[in-house]
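Here the structure comes first, spelled out in structure tokens, and everything after it is commentary.
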Amino acid sequence: MRRAIFPGTFDPFTIGHYSVVQRTLTFMDEVVIGIGINENKNTYFPIEKRVEMIRKFYKDEPRIKVESYDCLTIDFARQVDAQFIVRGIRTVKDFEYEETIADINRKLAGIETILLFTEPELTCVSSTIVRELLGYNKDISMFIPKGMEM
């Protein structure tokens, strides 16, 4: 079974994240959405809420699991028996950062990272922008997957 983790903070989960998951399902048997707990980040939604929102959204998709983790991503990948890490790339800056991390992960754990480039119409979508809009009580429905409850 080909299993990948898709790690992130997902604060909140956006249509960009959704796109990466859907595209990953075309070449993986299972995707584990790993929601990292990072004590250095101030999040809008608590970890429990993010896990709940994403699990509820994917409740009818048996090939998707949702878990939180508070260790190195490569250790989480081992815990869930994933052979791959999938990351979404929006910009050249994202690529340069992810390429470095992918090299380190390969050297430390022998795990491969698959970089998926964002569809052009989604490059402006980020959790940061969505959080800012939420802070101003703006409608965010165009930036989150249809059917996702906040």
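Just so it is clear, glycine is given a Cβ too, placed from its N, Cα and C backbone atoms.
Swiss-Prot names Thr9, Thr73, Arg87 for binding substrate. Of Lys41, Lys138, Lys146, the residue it gives for the same site is Lys41.
Comparing His17 (ATP binding site) with Arg87 (substrate binding site), their Cα atoms are 9 Å apart once rounded.
Between the alpha carbons (Cα) of Ser127 (ATP binding site) and Thr9 (substrate binding site) lies a span of roughly 9 Å.
Distance noted between the C-alpha atoms of Thr73 (substrate binding site) and Glu98 (ATP binding site) is 13 Å.
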